[in-house]
Amino acid sequence: MKPLRFAVTPGEPAGIGPDLCLLLAADAQPHPLIAITSRDLLAERATQLGLAVSLLPVAPGQWPDLPAPAGSLYVWDTPLAAPVVPGQLDKANAAFVLETLTRAGQGCLDGHFAGMITAPVHKGVINESGIAFSGHTEFLAELTRTAQVVMMLATRGLRVALVTTHLPLRDVADAITAERVERVTRILHADMRDKFGIANPRILVCGLNPHAGEGGHLGREEIDIIEPTLARLRTEGMDLRGPLPADTLFTPKYLEHCDAVLAMYHDQGLPVLKYKGFGAAVNVTLGLPIIRTSVDHGTALDLAGTGKVDTGSLRVALETAYQMAENRP
C-alpha cells in the first residue's frame, strides 16, 4: 500500500509554528510527517528551547516511506530570506512563507503528500511586503483552481461549517442566497461522505434569524431561501434537519445525533465550538481537491521561543488530517 505522507508548514517563522513542529517531534507519528521550512530555523529554535531534535533532510525524489523515529523530524529545507528573531516580524520572509505553502499544496496535488497541516501565518506582514494575501484558504483555493471552498471548524464531538465567513454582520443577510446555501451544503455533504467516511451524514442547519424567523415575524430568510433549498436537497437523499433556531440546535438533544452543523455566519456557530474545544479545535478547508487542516489559533509572537506553547490544536489538526486521508476511497 502506498504510504500516506503529510506535509506540515510552520507558517510565520517568528511565531510559534516552528516551536510546535519541534515539540511534536518528541512523539513518533503514525505516518511520515515532513516539515517544509528552513532547517537552520528549526535548528536555532531547538537550541533556544533546549530541545534535542534530529532534523532529517528529505527532498523531492527522496520521500520517506516510514515515520521518523521519536525525537526526529523530516525537513524539506526551504531557505529563509533573512535571519529570524522569535517574536519579531520581518517582511523580508513573506515570500518564504508562501513558498512553503506552495510546496505543500503542489505536493498534495502531485500525490507526494496525502494532506497538509498548516500552522498560523501573519497576514499583515505578508501584505506589508507588497504581496496581496488574504489567508491560507484563499491561497490554496487559487493554487488548486477551486471556485468554492467551505470553512469548517471541528473539535472532538462537534463539527461546524459556515455558509458565510468573514463578513460584517450588516452584510450577512444579503449574502444568504439560495445558490450559496445549496453550494455550501453540497460541499459539506460530499466531504463528510468522501473525506470523513460517513455514508449518509446527518447535518443540522441553523436559521439566520432569532427563533429561525418565528414564522416570518423576525425575518423571511428561512421561509424564502433556506427551507426551500433544503427541501430540494432532501429530494436527493440528503439528511438535512432545519432550519433550526441556533439556541435550540446547540443543545445535547440535537448535537448527539448529528455529524455536522451548518451555521449561517461566523459568530453564530464558532463561539459554541470554541467553548467546547478550547485549545483542541481544528480548521478544515472543505471543497479542495486536497486535504488541508490547520490550527485554530494565531502566531502568538509573544510565546515564540519560550517553550510555553500548547500543542493541543496542532495535534487535533494532525489527527483530523490522518483520519480524512485514511477514509478517502
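Placement of Cβ uses the backbone N, Cα and C atoms for every residue, glycine included.
Fair warning: this is a prediction, and the values are worked out from it, not measured in the lab.
The candidate list His31, His266, His297 contains one residue that Swiss-Prot assigns to the divalent metal cation site with His166, His211, namely His266. Between the listed binding-site residues, namely His166, His211, His266, Lys274, the fewest other CB atoms within 10 angstroms of a CB are found at His166.
Thr137 (substrate binding site) has a Cβ environment of 21 other Cβ atoms inside 10 Å. Across the fold, the C-alpha of His136 (substrate binding site) and the C-alpha of His166 (divalent metal cation binding site) stand 13 Å from each other. Cβ neighbour count for His136 (substrate binding site): 22 (other Cβ atoms within 10 Å of its Cβ, all protein chains included).
Cβ neighbour count for Arg292 (substrate binding site) (all protein chains, 10 Å cutoff from its Cβ): 27.
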